[in-house]
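Single-structure report; data block below.
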Amino acid sequence: MIVENLRSIGHRIVEAVWRIGFASRFFFMILLYSGTSFRRFHLTVKELFYSGVMSLIIIMVASMFVGMVLGLQGYETLKRYGSESALGSLVALSLVRELGPVLAALLFASRAGSAMTAEIGLMKATEQISAMEMMAINPLARLIAPRFWAGVISMPLLSALFSATGVFGGYVVGVVLIGVDYGSFWSQMQASVDFQHDIMNGMIKSFVFGIAVTAIALFEGYDAPPTAEGVSHATTRTVVQSSLTILFLDFILTAFMFQGE
Amino acid sequence: MKRATLDLWVGIFVVAGLTALTVLALKVGNLNLYNMSETYQLQAHFSNIGGLKSKASIKSAGVVVGRVDKITLDPERYEARVTMTIDKHFQFPKDTFANILTSGLLGEQYIGLIPGGDEELLKAGDEIKKTQSAVVLEDLISKFLYSKAEETQ
């Protein structure tokens, strides 16, 4: 009985380490076979459409609401200290530094990442990937790498859109509906948001998240057991793992970028 | 290779993303396209800089003329040495007065330059001799309390 348990624990650990090793090799193989996704750029453009353009609506709508909530809650708190004029900097800083990159990446993981996993997993289950290998087409170069680069390119763009629309949402609630002064809203915002320190660091964050989310999604799809159940589990794992990875990476990156002045 | 509808959508997406980044940079952030390519540096010693930070603005008559470059402690005088980068368009007389001011009651601090009447101008690397330190709120309150206590005696 004890031996059985020990054996199963050991098996799981070995399995996990094995998977990590395979995942790292997979990641480097993607980078190695990336040439095709730039030489035949239309492959990447097609994936940009499916992962980037199709995520536009959810990103815009979500960011609008996030900005509006920030405007409302920020106003309620700042009103107590009589500094409603700082609403602009509160909304803009929280969006540009944290919420923009993180929420955009979380939405991207559940909107585009899960789709990538399901697509690749199903291709594997229906033996389309093996068929490609039979025709001497490298599936990594033809299928995986374009999806990877499409994700990496679209993530910063989506995050910039998220922040900009969110600031607009905060403006609508704060200035148009509640009546915070128009001038102080924008000028306080411009005085406190620094291009290098805030906007560029946010972009770097979203770039890192883009790499993490797409790499996880593609690996889960590629590694999924070729059954209906396997693909469904892999899709779930993609969303869970990439969400946790995003939040973890966000903590690490924030600790590096904003460690007090 | 033909143009496809898909390309249009991807184009719209990329343009929208880049526009958002530009909006963030220009409207939300303070990236001014007016870059100070031609600058010179000035020094000033303050006995207390309060909450002044590097990159804080330097204003004269309320107009931004430069930025604080770096702040160090002068080990000989035990005073803060502030290096300022100032736009070459703006020259100041030798007896210019530099003081640390606060925008608003709790706003961020900046250096205000009040030009004097000297004929000679400050050159690159010169030091502004006449300075006034930041007003520290605690000092102000304690002064007020002491004077109140003296009145009542």
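Each Cβ is built from the backbone N, Cα and C atoms, and glycine gets one as well.
If you look up TrEMBL, you'll see A:16-36 (among others) marked as transmembrane segment.
Look at TrEMBL and you will find A:48-70 (among others) tagged as transmembrane segment.
Taken from TrEMBL, the feature transmembrane segment covers A:168-187 (among others). Using a Cβ-Cβ cut-off under 8 Å and counting only residues 6 or more beyond its ends in the same chain, the transmembrane segment (A:168-187) has close neighbours at 63-68, 70-72, 74-75, 84-85, 87-88, 91-92, 95.
Non-local neighbours of the transmembrane segment (A:199-219) in the same chain are 23, 26-27, 30, 51, 96-97, 100-102, 104-105, 108-109, 112-114, 116-117, 120, 144, 147-148, 150-156, 158-160, 163, 193, 238, 241-242, 245-246, 249-250, 253, 257-258; each lies 6+ residues outside the stretch with a CB under 8 Å from one of its CB atoms. Residues or ranges marked as transmembrane segment by TrEMBL: A:199-219 (among others).
What TrEMBL lists as transmembrane segment is A:239-258 (among others).
Remote same-chain partners of the transmembrane segment (A:16-36), defined as residues 6 or more beyond its termini with a Cβ less than 8 Å from a stretch Cβ, comprise 43, 138, 140-142, 144-146, 148-149, 215, 218-219, 222-223.
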